[in-house]
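Annotated [4Fe-4S] cluster 1 binding site per TrEMBL: Cys46, Cys51, Cys57, Ser283, in sequence order. Look at TrEMBL and you will find Cys72, Cys76, Cys79 tagged as [4Fe-4S] cluster 2 binding site. Marked as domain 'Radical SAM core' by TrEMBL: 58-272.
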Amino acid sequence: MLRIETRNTQTPIEHKPSWIKTRATMGPEYRGLQQLVKTENLHTVCQEAGCPNIFECWEDREATFLIGGAQCTRRCDFCQIDTGKPSAYDRDEPRRVADSVLRMALRYATVTGVARDDLDDEGAWLHAETVRAIHEANPETGVEILATDFSGNPEYLDTVFASRPEVFAHNVETVPRLFKRIRPAFRYERSLGVLTRARAAGLVTKSNLILGMGEEPAEVLTALEDLQAAGTDIITITQYLRPSPRHLPVARWVRPEEFLDLEVAAREIGFSGVLAGPLVRSSYRAGRLWAETMRTQGRPIPDALAHLDRAADAPQAVRA
């Protein structure tokens, strides 16, 4: 790992092109959440990771939470989360996250977790219990779980599926040729299998591809076809932004028009929900994307979540 990071630091941080930008539009919902988070000492991935889409997502009353600690037992060459020995298991975390969702009056919450290969169940109970706790305390809040692969263990996966999140997401992130080098602790086919099992459990499924890490355009289309064949309902496609000199250098800046072409291609391949753009992230406009997917598939949207089914303005992160 140290050898890889040393090699990466030999390439300076790249200058971003002009289209990698977003407008800081601070509406009333955003301002209210900003004040609440500050006064109540709440924590979301949105503000702690400096996400450029925080203004839009908070205006929609959507936010993302990280569970399982601040350190991951795996290392991916694009990810800013530290790798190391995680902190002690916190069984009260689901309640505290659910309470934060309640106090923030969120319409949709995304929960993501670090890999916890050190635990007997790799954190499956923690993921499932957090979904259940949010649903119990916030029946009008949709919940999306963005999970690790749990080493493909059927028992662990089924534990998470049984909590019935609105969306089960597992991100493949890159194309098969680059997968082992960039995500050495994961396996491409295993990740596809996780999505297939989630779909078979009756869940809406979702994944993400990051561009600019050395892939070829034709390989992106192949990965999209693989994901759709595996049973993935929703796909998000984004530009890689290098977190630090220790991380993988940016191979290319994907122009906005290429993202537009990929969105068209993804819909033609058969995805029910698609967002593609330079600043799209996997949890970006997640509630609206879930509602769009439900409509496209002709599936009923529960009355408690009908507020998510509304027409959206053109999202900033996908604009050219």
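Glycine is treated like the rest: Cβ placed from N, Cα and C.
Note: TrEMBL annotation is automatic and uncurated.
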Task: Given the binding-site residues Cys72, Cys76, Cys79, state which is nearest to Cys57 ([4Fe-4S] cluster 1 binding site) when distance is taken between Cα atoms.
output: Cys79
Query: Of Cys46, Cys51, Cys57, Cys76, Cys79, which of the binding-site residues has the most Cβ neighbours inside 10 Å?
result: Cys57
Query: Considering only the binding-site residues Cys72, Cys76, Cys79, which residue has the minimal Cα-Cα separation from Cys51 ([4Fe-4S] cluster 1 binding site)?
result: Cys79
Task: Sort Cys57 ([4Fe-4S] cluster 1 binding site) into helix, strand or coil using the DSSP assignment.
output: helix
Field: Cys72 ([4Fe-4S] cluster 2 binding site) and Ser283 ([4Fe-4S] cluster 1 binding site), Cα-Cα, nearest whole angstrom
entry: 19
- prompt: Three-state secondary structure of Cys79 ([4Fe-4S] cluster 2 binding site) from DSSP?
  reply: coil
Task: Quick one: give me the count of other CB atoms within 10 A of the CB of Cys72 ([4Fe-4S] cluster 2 binding site).
output: 21
Field: CB-centroid shell, 8 A cutoff, [4Fe-4S] cluster 2 site Cys72, Cys76, Cys79, site residues removed
entry: Arg74, Arg75, Phe78, Gln80, Ile81, Thr83, Val114, Ala115
Message: Tell me the Cα distance separating Cys46 ([4Fe-4S] cluster 1 binding site) from Cys76 ([4Fe-4S] cluster 2 binding site), rounded to the nearest angstrom.
response: 20
Field: For Ser283 ([4Fe-4S] cluster 1 binding site), the number of other Cβ atoms found within 10 Å of its own Cβ
entry: 29
Query: If you measure Cys79 ([4Fe-4S] cluster 2 binding site) to Cys46 ([4Fe-4S] cluster 1 binding site) at Cα, how many Å is it?
result: 15
Field: Rounded inter-Cα distance in Å - Cys46 ([4Fe-4S] cluster 1 binding site), Cys72 ([4Fe-4S] cluster 2 binding site)
entry: 18
Message: On the three-state reduction of DSSP, what should I expect for Cys46 ([4Fe-4S] cluster 1 binding site)?
response: helix
- prompt: To what whole number does the mean pLDDT across the domain 'Radical SAM core' (58-272) round?
  reply: 93
